[in-house]
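S.K.: Pulled these from TrEMBL:
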type	residues	note
DOMAIN	2-132	domain 'Xylose isomerase-like TIM barrel'
């Protein structure tokens, strides 16, 4: 279950999503998305209440656009860069400090990605992985 941080979303909180999963007694896991985590203002405060063992996947993307958090959309989501405003490395460090050893996946949505060549895609993936290994580990 993926909480979406957009102001108009009905389920923004990972802690609330986890509570719903537990209450329903279903074999679901949480999907934490660094973009949506950033968009939800209370995410950092509530994160200590989330059981890391209940996280099944983490989506990573970056944003270097300067608009206010509440105005960000999927169209601003890019691969990771040193200028990332989402605090993706800090989020990864916090997850791993609490014991997360699961899977990460990149999830950029910016329209300009559709114009990338295969070489561009390979380069951006390699640069994003290197950034994580150097700064997030």
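Yeah, the Cβs are placed from backbone N, Cα and C, and that goes for glycine too.
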S.K.: Of the residues in the domain 'Xylose isomerase-like TIM barrel' (2-132), how many are helix, strand and coil by DSSP?
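M.R.: Reading the DSSP string over the domain 'Xylose isomerase-like TIM barrel' (2-132) gives 63 helix, 15 strand, 53 coil.
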S.K.: What average pLDDT is reported by the model for the domain 'Xylose isomerase-like TIM barrel' (2-132)?
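M.R.: Taking every residue in the domain 'Xylose isomerase-like TIM barrel' (2-132) and averaging pLDDT yields 95.
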